[in-house]
Every structure is written in C-alpha cells, then in structure tokens.
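Everything below concerns the one structure shown next.
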Amino acid sequence: MSRRRHSYENDGGQPHKRRKTSDANETEDHLESLICKVGEKSACSLESNLEGLAGVLEADLPNYKSKILRLLCTVARLLPEKLTIYTTLVGLLNARNYNFGGEFVEAMIRQLKESLKANNYNEAVYLVRFLSDLVNCHVIAAPSMVAMFENFVSVTQEEDVPQVRRDWYVYAFLSSLPWVGKELYEKKDAEMDRIFSTTESYLKRRQKTHVPMLQVWTADKPHPQEEYLDCLWAQIQKLKKDRWQERHILRPYLAFDSILCEALQHNLPPFTPPPHTEDSVYPMPRVIFRMFDYTDDPEGPVMPGSHSVERFVIEENLHCIIKSYWKERKTCAAQLVSYPGKNKIPLNYHIVEVIFAELFQLPAPPHIDVMYTTLLIELCKLQPGSLPQVLAQATEMLYMRLDTMSTTCVDRFINWFSHHLSNFQFRWSWEDWSDCLTQDLESPKPKFVREVLEKCMRLSYHQHILDIVPPTFSALCPANPTCIYKYGDESSNSLPGHSVALCLSVAFKSKATNDEIFSILKDVPNPNQVDDDDEGFRFNPLKIEVFVQTLLHLAAKSFSHSFSALAKFHEVFKTLAESDKGKLHVLRVMFEVWRNHPQMIAVLVDKMIRTQIVDCAAVANWIFSSELSRDFTRLFVWEILHSTIRKMNKHVLKIQKELEEAKEKLARQHKRRSDDDDRSSDRKDGALEEQIERLQEKVEAAQSEQKNLFLVIFQRFIMILTEHLVRCETDGTSILTPWYKNCIERLQQIFLQHHQTIQQYMVTLENLLFTAELDPHILAVFQQFCALQA
C-alpha cells in the first residue's frame, strides 16, 4: 500500500490533484483485488495471507474505511463459499480496531434489512450466516445472536401470513447452525432449546401439499425426495445428537484463537423481522434432490449420508460456487474441481449430483439450462479420467428411473443429453438401453430415446442419426424431415382443389402478387356451404388447404424460404385466417405438410404468431384438437405451447411497461410545471393523458386475451383428463396409463413454468374451472399450485 505515500514532484496544483485522484483509485482497486482474491491458491498459507491482509487493511482504514466496509459487506453477500475466510478477516480487524468492528456489524444489519425489503432472500440467508459465524470470531456476542434467532423463529407464531414467510425465517436460522450451533449451545443452551422447541412445533404443523408438484421422482426408492426444511431439520437434529461435531467447514479462525479471544465483542442491535406486505415475494419451497449414496463409489472416500450435516455443507458450498461463477463456465469448473477438502469426499459425485439438482429444480433451474450443459462439458475436459465415468453412471441411473420421473424433468434430461452427445460425436452405448425396444412406444424409456434422437437430429442431420444408432433402434429414429405435399403425385388428380393447386404453383413461381393469388382462389368451391359471400372469403377450408399446401411446398427449401413466403403472402394468410376456424385450419394444414419435421412446425407457428396470422388462443385450441391427438405427448408440441404462452406474457409486459413510462413522464411534467409556471405544458399534458388512456385500454385488452388463453388451456386439460377418468371408470381399468401421467404432469408444468402470471388469475380459475365439483385427481394439481406461495 506504499503507493499512497509516494511524494510527487510537480510545479502546478492541478496535475498534482489529478495524480492524487488517480492514485486513490489505484489503491481502491488494489484493495478490492486483495480482498476478493484472498483464499485462492497461493505460495503462502491461508493464515499467513489473512494476517498480512488484515495488516494492510488496518493501515488503510484512516483513508479508505468506507471503501473497505463496502467491500467486506459485498463479499459477505456475493461470495458465500468463502464465508469463514472473510469472517476470520473481520475478526482480525475487530481485534485491531474495535470501532471498525462495530461499524461493520451495523453495516451488515443495514444491508440485511435492505435485502429483506428488496425481496433478496437468498442473499439475506448468506448475510445471516455471515453474522452467525462472526460469533466464532469473537466479533458478535453469542447472547445477541441467540436473541436475533429468537426473533426469527417468532415469525412462526404470526397469523395471516404466508407459510413461505415462516419457512424462510426458520431456514435462515437452521441453515446457520452448522457454522455456529456449537458456540451458541455452549453459551445459551436453555434459550437454544426453547428456539428448537418452537421450530419443531412449527415443522410438525406445516402444510406440505406442494411437495408432489416439486418432486423430481414420484417414488422414494432408492432415495427419498424430502422437503427441504424436513431434510435440514433431520440434518441439524443429527448434528445436535453428535454434540455439534462437524468435520467439513473450513475454520481458519481457529488458528487465531489466542488473538481473537482477547477482542471485545459487539452486541447486535435489536432486529425485528420486517412485517409482511403485499409486495413481499418469498422463495418457493424446494424438494432435496438425491441421486447418489455411499454405495455408488465403493472404492473412493465415503459419501456423507443424506442426513449428515456434511452433506448439507458440501452441497451448499458447491451451489454457492455455481452461483458466483456461472457466467464463466471455465472458471466455474475450475473452482468446483479445486474445492477445499476434495480428498476427503467423492467430489465428482457431489458435483454431478449438485449440477443435476439445479438442472431439475422445480419450477425452474436457478440459471439457464444450457449453462449446465456447458459446465458439464468443461468438467469432462478438466477431469477426463474420472468425471465422464461418473456422468455416464448418473445418466444410466436417470434412464433407469424414467418411469417415475417428472415429465418436466424428463424434458430437461432430453435437452441436456442430446446437447451433451452432440459435443462428443453422439457416442453412446445404445445397446445398453435395448430394453426400451420391447416396451410400448408410449412408455417412458422408448419415448425418451425417441425424443433424444429427434433432438440430436436438430443438432446434426437425419442420415447421421441413422448411422450412429444400431439398426434395432430404427423404430425410434426420427422420420426423414421432408415436406408432405398432397397434390404432388399422380394419385392426387382426383383430389378437390388439384387444378387450383397447379395454377397456384405456376403463379407462385411467376412471382404473382397477392391480388393475383386472391383471383385464383376466388372460384374455389366451399365444401361447407352452397353460396359463398360476395367477397368469396368466408371460412373456406379448401381454399386454405390448397393455398397453404402449395405455398409451403414451394418454400420448403429452408426456414428462410418459408419465412419469406409467409411475409410475401401475408395479406392472403390474414384474409383466409380471418375467423377462428380459419386460423385453426391454417395450423392444421401446416402440420399436415410438415408432420415429419417438428422443428419446422415450431418455427412456423412462432412466425405465424409474430406476424399475427394466427393468435395464441388458436394455437392452444389446435394443440388440444383431435388432429394432434397422436402427437399430443410429443415434446415439440409442449415446447410450442410454452413458447406461445411466453409470447403472450411478453406482449402484456411490454404494453404495461409503456404505460408505466408514460405515467412517469406525466408525473415529471407535473413536477416541472409546479416548479416553473409554463403554460405550454398544459397542451403536452393533454396529449400525454390521451396516450395513457389508449395504453390503459391496450393493457386491459391484452390482459383479457392473456386470461382467455389460460382459460382455454386449462379448460381443454380438464375436458380431456375428465374424459380419460370417466372412460377408465366405465371400463374398470386403471387410470395410471403413460398418457395420463404425461397429461397430468403437463398440467402441472403449465402451472409451474408460468406461475407468476397465473397467480394474477387465481380467483377466476378457482371460480370458473377448478371448483369443488371437479375430479379430485385434477383438482389436486390446482391445490398443489396454490400451496406453493401459501
């Protein structure tokens, strides 16, 4: 830090001032680098580095105290995997400068309050954990920490608040105990027993209706799928029974015990959990993912049991590493494989399990799906001799458990596995999965293999996929993705509209205009009625069929050719698809043409929605139509539906944002007018108020359309599921068919993937669709969803 003390020779005042500013910035950057990098690989020991850094920071406190405070609060929040390193550093600084220690504690409490107010509950957990570990470093007095935890657990006694609020405060308390439980029990055992008793009482009366919706597997063998608070409570109970002996947390402060025990401690200021408000959004509950146990790696170090607190600590630290470095896959992979204490645990098994736990987390993974694919690829490159084998073992386990796996997680498994294979020349021992060849094609295993090969084809080409799998798998291979043109062979001569199709083909090739196409279509007879209207464009399925079939056939060369065709003849599409029936029929014909090319179907539907040829409700009705019944359980169908819902949601959000911006602009103009007597602003206000009124109408119309879309989707789900249940009851057969599992879990998927939007329409859904008279099997899904934020 000697840069600050350099003397500068200069003749003028201004250059000297500029150099001082530059020098201060350099020093601040250097401090940031030192603080962020402490604990990384170094020639010196961690203890030596911490002692040296504490000395540097102490020397810089007079000039850079606020910067140092801010940096330490930030790393406490953003680098939780290095928690004990930073608590030790704060402990050393507190021992040297008591006032700084007090200011740091106050700053942390302020930051905790801000995080809770801003609904940053994940960061708030790390701040609470950091504060609790400061007890071990003799910065915070144990009784005041116990008092804070008493206030946390008192939230369980609150009335008329969501369960997820109570859950968070209990979790914040329990998840800190692996670090500080021993110290708190030694100092305040009676108070801690009282807190434990309150916690246990709460956990026993908690509702767990939400659990089935969040489980990766419906079966508890070989590993139970436990609710996260139940699992953590069992781990803490075992830790308490073992006299708080924990062997995995890095505790560098133990090396400085003689220094830290002499330091004066601070009492936490009284902390009252902020009250629940309408704007409070708490973390959703989770189910703990388990894939491995000690039997899966008999030769290596023993994997801690599921109720061992070491399992919690290891998983928590690995999750924290991913959270800190997920945007840099190479750095993230390097940090994971260099995890401290890696020789004491089967690290590769833990890493793979944690990554799949995040990928399969419901309702959504913490990060985008493709990040996990790229991270696993990097890990395979870093550990080529060991990690690919563990990953292959995990893949085999997932395949074996497909029968009870959530459909949403199966989708993610398909997407991950196909993408992963594409990076390794699609090599896989397919013969090991030949058991799927003897099963019904709708069963989970053959269905999974079929969908994987379909996705692989998107990342390669059809013939290559045929070449990489054994001939015995041919029934599961995707069809050749070619266009099916019904007017293309001699046998089609007798088909209605054949002659018009020939005329259209010539016209398209001759670069005909929209008007010329209208002229050709004008005389196409309408099979639905004797007399057409004057314009000749009332819903006419034959017109749509001839036009769409011929145009898509001629534009079949590529995606861009098809897009150009839609754009050029947009006016014809809009006219033919003017009615709801017309929109539905356009989708049906497009599907007939591209039945063997799911990717083309998906991109064409996407384009038709964007260009307003069809609307979102038409797509939903088409997906539930009889024409798609054979493909109803195919993955591409549900990708289209979710994409459609997302488009609708984005459309509503876009208009809402425009409305908010207009209102803010008007408020600014009002403020300016009150500050400055400007009469011309009256005219501006009038124009803006008109714009706000128009936007308000657009928002209401868009929300009505959005609500209608969800009503259509849920109504169709209820209809087809009810038909299935009634049919099974009439026939005396089991309802638990592969189709039923897929369908009921697709219903769950809609709720989960769009939960934030659907929450707005809960009352409408409950009053109109999910009523008490509904079959309990279907109603249970709605009740599980309601329980997620209850």
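Cβ coordinates come from backbone N, Cα and C, glycine included.
These numbers come from a predicted model, not from an experiment.
Looking up Thr21, Thr277 in Swiss-Prot for phosphothreonine, the annotated residue turns out to be Thr21. Under DSSP, Lys698 (N6-acetyllysine) is assigned to a helix (H, G or I) in the three-state scheme. For the pair formed by Lys698 (N6-acetyllysine) and Lys204 (N6-acetyllysine), distance between Cα atoms is given as 48 Å, rounded to the nearest Å. Secondary structure from DSSP puts Lys204 (N6-acetyllysine) in a helix. Of the listed modified residues Lys204, Lys698, the Cβ environment within 10 Å is emptiest of other Cβ atoms at Lys204.
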